[in-house]
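**Q** The structure's right below; bear with me while I get my questions together.
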């Protein structure tokens, strides 16, 4: 299955070929870096959600839901890639606060499982990047990956985060996103985008529209 593929450059399918060994090396590095960025994103998003739940449930005596796998991710908070993931998680928090109900509705309709998650993820990514790649859409893909991992965990399936991480990496290879990030200068360049409100709005609206499109195209029409 495609999700078993490890990080590495795409097999010359759909992406323009790198003109030098140096460029191919940069793509391999971006593929490796993606795992640390996504793990950092997941860790800080989960921390943000727990803090929000604690604030909402203060005085109610209700337990805050946690995912031990997300809470114990090995991170080096001082690394540049961990900081990139953390800053992108701030955008993810904004996306979630504005569109949490849409996320929940989308996941309920898609009914992701360990068996169909990769195909669903590819459908989302295919629609999201159909008209091109930008940092807003990359952040939206990370947001969906996080929500997918959390949804499956809450359905009672533990140990799924590692698989979702591989899904994200393989999907970014499949749709040449790793190639694009390498050309942009690597994940570090995403930090400059975080403060761009136009792209933030584009990411939010794009993800919601893509979710509605995928459900309508691949599920309601069948």
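These residue numbers are counts, starting from 1, taken along the chain as shown.
A Cβ is built for glycine as well, from the same backbone N, Cα and C atoms used for every other residue.
Reproduced below are the annotations present in TrEMBL:
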COMPBIAS  23-38  compositional bias 'Basic and acidic residues'
DOMAIN    88-187  domain 'Bcl-2 Bcl-2 homology region 1-3'
REGION    1-78  region 'Disordered'
TRANSMEM  197-215  transmembrane segment
**Q** Across the compositional bias 'Basic and acidic residues' (23-38), what are the DSSP residue counts per state (helix, strand, coil)?
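**A** Computed counts for the compositional bias 'Basic and acidic residues' (23-38) are 16 helix, 0 strand, 0 coil.
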**Q** Write out how many residues of the domain 'Bcl-2 Bcl-2 homology region 1-3' (88-187) are helix, how many strand and how many coil, based on DSSP.
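**A** Summed over the domain 'Bcl-2 Bcl-2 homology region 1-3' (88-187), the classes give 78 helix, 0 strand, 22 coil.
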